[in-house]
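*Asks:* From Swiss-Prot, here are the annotated features:
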- Asp143: active site, proton donor/acceptor (ACT_SITE)
- Asn11: Mg(2+) binding site (BINDING)
- Asn11, Lys18, His175, 203-207, 278-280, 326-330: ATP binding site (BINDING)
- Arg86: substrate binding site (BINDING)
- His175: site 'Transition state stabilizer' (SITE)
- Arg236: site 'Transition state stabilizer' (SITE)
Amino acid sequence: MNEFPVVLVINCGSSSIKFSVLDVATCDVLMAGIADGMNTENAFLSINGDKPINLAHSNYEDALKAIAFELEKRDLTDSVALIGHRIAHGGELFTQSVIITDEIIDNIRRVSPLAPLHNYANLSGIDAARHLFPAVRQVAVFDTSFHQTLAPEAYLYGLPWEYFSSLGVRRYGFHGTSHRYVSRRAYELLDLDEKNSGLIVAHLGNGASICAVRNGQSVDTSMGMTPLEGLMMGTRSGDVDFGAMAWIAKETGQTLSDLERVVNKESGLLGISGLSSDLRVLEKAWHEGHERARLAIKTFVHRIARHIAGHAASLHRLDGIIFTGGIGENSVLIRQLAIEHLGVLGLTLDVEMNKQPNSHGERIISANPSQVICAVIPTNEEKMIALDAIHLGNVKAPVEFA
């Protein structure tokens with residue numbers, strides 16, 4: 001192993017590969033980028049925001065070869081001691097991160113029908129990385145595994161039992177790597193005892209979810225069998241009455257596939273506003289008095305507050321509410337409006353602290369005194385994946401989370 005080992009973190013999406021290279025000793029990011037537009041003539045690779053490199057018609061292995069070439073140019077290839085892969089769905093088979101073996105790959109493939117759009121892409125990334133780095137230990141980190149501590153009453157749907165027992169239909173939850181990282185950071189920031197604590201983490205981005213964390217374990221979460229359930233999101237409807245969808249199908253003649261597209265791609269902030277799924281665009285429109293943009297934001301916030309309050313019922317105590325994700329970290333307006341809804345929980349906002357930019361990093365934004373502490377903690381899923389890889393790979397870990 002090189003004297004200065006690094007972890008390569010890979011996140012293969014349906015049409016892209018996001019990656020980062022982190023120093024094992026510090027978990028500082030040394031290099032990061034994205035290969036996007038896989039299998040199209042417009043595919044490209046961008047490193048550290050530099051000029052894109054043409055990767056026309058490249059598949060996952062081609063793109064990873066290009067990434068490996070960029071590592072070689074920076075004398076980092078021999079330093080790659082570990083590779084961490086983000087895996088979208090682990091089903092009930094994976095309760096924690098694991099070292100990748102042939103058996104693990106077979107088991108990931110078994111649960112992949114639960115998330116076909118992402119898991120098969122994840123597997124393509126694993127296959128390519130194992131081929132390009134055959135001597136490097138590789139680790140799978142599952143977006144669902146943090147939520148495998150949910151009790152049956154929290155994960156079961158009120159459907160006939162055979163759908164659960166035969167098909168695995170249940171709540172799995174997502175954003176687990178983010179919720180796990182942020183809750184761990186919260187114990188330090190808020191000076192809490194992990195073994196006797198209650199947190200609500202609100203991961204708010206284009207995809208959004210709430211997680212109740214009791215004594216260090218996820219006990220409830222808003223996303224379900226798929227990432228569609230729960231909060232209203234950028235283009236996803238979130239919770240919706242199935243009876244309403246059945247009525248729409250009857251009245252319009254739309255198929256199940258049509259309606260899946262509607263609730264996943266045409267709803268949420270975009271659907272209500274008719275303007276954009278980008279909250280930055282909607283906030284500008286909010287201040288300009290755009291009626292439907294204001295209604296979209298109000299609906300988004302109402303759902304956030306309702307889910308935060310509801311998830312508090314899964315805790316034995318409520319010590320803190322944490323905002324994270326692109327919107328949770330950066331939107332002063334969304335945090336302010338959400339906290340105004342949550343006075344019933346004893347939450348009071350410090351308006352000036354809430355206005356601090358995300359460049360300030362981890363910060364408490366509740367007033368003193370406030371019955372419940374509210375904070376903003378920037379998520380770092382890449383770091384959490386790297387830390388899992390370091391731990392499982394038996395490489396000397398940083399003090400943090402060691």
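Count begins at 1; order follows the chain as displayed.
Just so it is clear, glycine is given a Cβ too, placed from its N, Cα and C backbone atoms.
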*Asks:* With Ile327 (ATP binding site) as the reference Cα, tell me which of the recorded positions Asn11, Arg86, Arg236 is the closest one.
*Replies:* Arg236
*Asks:* For Asn206 (ATP binding site), which residues of its chain lie six or more apart in sequence with Cβ-Cβ distance below 8 Å?
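*Replies:* Same-chain residues close to Asn206 (ATP binding site) (Cβ under 8 Å, separated by 6 or more) are Met233, Gly234, Thr235, Ser277, Gly326.
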*Asks:* Could you say which of the binding-site residues Asp278, Glu329 has its Cβ with the most other Cβ atoms inside 10 Å?
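*Replies:* The largest 10 Å Cβ neighbour count belongs to Glu329.
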*Asks:* For Glu329 (ATP binding site), just give me the three-state DSSP call.
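*Replies:* Where Glu329 (ATP binding site) sits, the three-state DSSP reduction gives helix.
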*Asks:* Out of Asn11, His175, Leu204, Arg280, Glu329, the binding-site residues in the record, which is closest to the residue listed as 'substrate binding site' when you go by Cα distance?
*Replies:* Asn11
*Asks:* Taking the Cβ of His175 (ATP binding site) as the reference point, list residues of the same chain whose Cβ is under 8 angstroms away and which are at least six residues distant in sequence.
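*Replies:* Expected: Asp143, His203, Gly207, Ser209, Cys211, Thr221, Met223, Gly325.
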*Asks:* C-alpha of Arg236 (site 'Transition state stabilizer') to C-alpha of Arg280 (ATP binding site): distance in Å?
*Replies:* 17
*Asks:* Distance between Arg280 (ATP binding site) and the residue listed as 'Mg(2+) binding site' at the Cα atoms, whole Å?
*Replies:* 25
